[in-house]
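Here's what Swiss-Prot has on this protein:
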BINDING   Thr12, Arg16, Thr271, Gly315, Gly416, Asn420  ADP binding site
BINDING   Thr12, Arg82, Glu83, Tyr134, Asp249  sn-glycerol 3-phosphate binding site
BINDING   Thr12, Thr13, Ser14, Thr271, Gly315, Gln319, Gly416  ATP binding site
BINDING   Arg82, Glu83, Tyr134, Asp249, Gln250  glycerol binding site
Amino acid sequence: MADFVAAIDQGTTSTRCMIFDHDGAEVGRHQLEHEQILPKAGWVEHNPVEIWERTGSVLATALNATKLATTDLAALGITNQRETSLVWNRHTGRPYYNAIVWQDTRTDRIASALDRDGRGDVIRRKAGLPPATYFSGGKLQWLLENVDGLRADAANGDALFGTTDTWVLWNLTGGHRGGVHVTDVTNASRTMLMNLETLDWDDELLGFFDIPRQMLPEIRPSSSPQPYGVTVETGPADGEIPITGILGDQQAAMVGQVCLDVGEAKNTYGTGNFLLLNTGEKIVRSDNGLLTTVCYQFGDSKPVYALEGSIAVTGSAVQWLRDQLGIISGASQSESLARQVDDNGGVYFVPAFSGLFAPYWRSDARGAIVGLSRFNTNAHVARATLEAICYQSRDVVDAMAADSGVPLEVLKVDGGITANDLCMQIQADVLGVDVVKPVVAETTALGAAYAAGLAVGFWEGADDLRANWQEGRRWSPQWSDEQRAEGYAGWQKAVHRTLDWVDVE
């Protein structure tokens, strides 16, 4: 058998290809950013053609840099930013419109209408999700209602819908010359259109959004011994690689962190924060603002479910300090600037740029920096930004404990912000539990590689994956209980100030 497995990680701000060996160690990678298109306040788009070009480039470059051929790869996995939605023509491959990103809030009226007339309760029961701008169903409805000619093409079977996993897979396997139109259960579970029990598109839910079933991809398991397809020889890989794993990015991180047992949880720090708790084969409904979602499904096995707390803006808040405020020139400077002060100086930053996600689900909220006085400096704002990342995670951890009845004992973490030592120390302080980072912090790509490799026998099972996991760093809490309670009370007060800012019809 070939000695390596590759993964494409199509994220919110960049696309990367990573190659792993049997020990789960990285042997090569290449990464490219793509443009964030912001046409109106609250609107966030990506260019699908640019995403595909970046995908092809990172795959080819990673192979060339490691001097590997497609025959050296046992399989290829795909992981992706979830919910981001696009539609393209099956005959030409041309997108009808830019991809509407998961952070985009243009569908707030669609989401609000669903809740007002009672359809929201049906969506919660069947799909495990609250009506929100976050999810794909409303985005697809908006596209069908606002893009000229799309409704007719969808009815004729000429228009295809997908999240970015489906778009990448379709192009890798031939595009308009026979590309495979498939998604996996984890991505489908983020649309408000899939029934969690049947793992299929639900006709009643499709009717709520007036979406033709024929434009939707086939739903398959997250790890499939029968490949979804193979990369075409004329494509960027310059050869055939079986594509056998697909996972939404946060579910991929669960697999990469080897959170395969009931009660295991992880927090991924990226553009947003995403904390997932494995609930096993049981569908657990949340009473505290969390989502019920599919964690993964391997082959013919029963699906494994999870509770999730999704936070819209965390890492992107640091980007905002750089790109909009201009108080840092790079993300790493957020730590050095924040270290110039010992605390937040009474300043709290609630980065509700797209409203608030879990556990609040308030699209009427908007960002605010509160508690400012003439005493405060850029350093206090930087510190408040790092604290906001951690306090939002505390909100979700508390909700998760309320739903599960099990308090968190240790938090596994991964993602880019875990390189920020101060932020991770604050996270331990805010939660009052140890925070643990694995040696391989980019667990999203690793999880996609695991899903693909398990399908072809590159890894035999969960024990192989557990043997690969190694602790890389641990942070223990240093705050007193009084300090922790006082800080969190200030955060909750700040959150309250951001609500009811935008009128949502």
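Easy rule for this one: first residue shown is 1, then count along the chain.
Glycine is no exception: its Cβ is also placed from the backbone N, Cα and C atoms.
Structure with Swiss-Prot features highlighted.
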residue: Thr13; record: ATP binding site; DSSP (3 states): coil
residue: Arg82; record: sn-glycerol 3-phosphate binding site; DSSP (3 states): coil
residue: Tyr134; record: sn-glycerol 3-phosphate binding site; DSSP (3 states): coil
residue: Asp249; record: sn-glycerol 3-phosphate binding site; DSSP (3 states): helix
residue: Thr271; record: ADP binding site; DSSP (3 states): coil
residue: Gln319; record: ATP binding site; DSSP (3 states): helix
residue: Gly416; record: ADP binding site; DSSP (3 states): helix
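Annotation for Gly315 (ADP binding site): spatial neighbours Tyr269, Gly270, Thr271, Gly272, Ala331, Ile389, Gly415, Gly416, Ile417, criterion Cβ-Cβ under 8 Å with sequence separation of six or more. Cα of Glu83 (sn-glycerol 3-phosphate binding site) to Cα of Gln250 (glycerol binding site): a distance of 12 Å. Cα distances from Arg82 (sn-glycerol 3-phosphate binding site) to the binding-site residues Thr13, Arg16, Gln319, Asn420 are smallest for Thr13. Of the recorded residues, Gln250 (glycerol binding site) and Tyr134 (sn-glycerol 3-phosphate binding site) place their C-alpha atoms 14 Å from one another.
Take the Cα of Tyr134 (sn-glycerol 3-phosphate binding site) and measure to each of the binding-site residues Thr12, Thr13, Arg16, Gln319, Asn420: the nearest one is Thr12.
Fewest other C-beta atoms within 10 Å: among the binding-site residues Thr12, Gln250, Thr271, Gln319, Asn420, that description fits Gln319. For the ADP site, whose binding residues are given in the record as Thr12, Arg16, Thr271, Gly315, Gly416, Asn420, the maximum C-alpha distance rounds to 21 Å. When the Cα of Asn420 (ADP binding site) is compared against those of the binding-site residues Ser14, Asp249, Gln319, the shortest separation belongs to Gln319. When the C-alpha distances from Gln319 (ATP binding site) to the binding-site residues Thr12, Arg16, Asp249 are tabulated, the minimum falls on Thr12. Per the record's binding annotation for glycerol, residues Arg82, Glu83, Tyr134, Asp249, Gln250 show a top Cα-Cα distance of 15 Å. Between Ser14 (ATP binding site) and Asp249 (sn-glycerol 3-phosphate binding site), the C-alpha separation comes to 13 Å. Report note: the glycerol site is defined by Arg82, Glu83, Tyr134, Asp249, Gln250, and the residues of the same chain whose CB lies within 8 Å of the CB centroid of those residues, excluding them, are Gln81, Thr84, Trp102, Arg190, Gly248, Phe274, Ser310.
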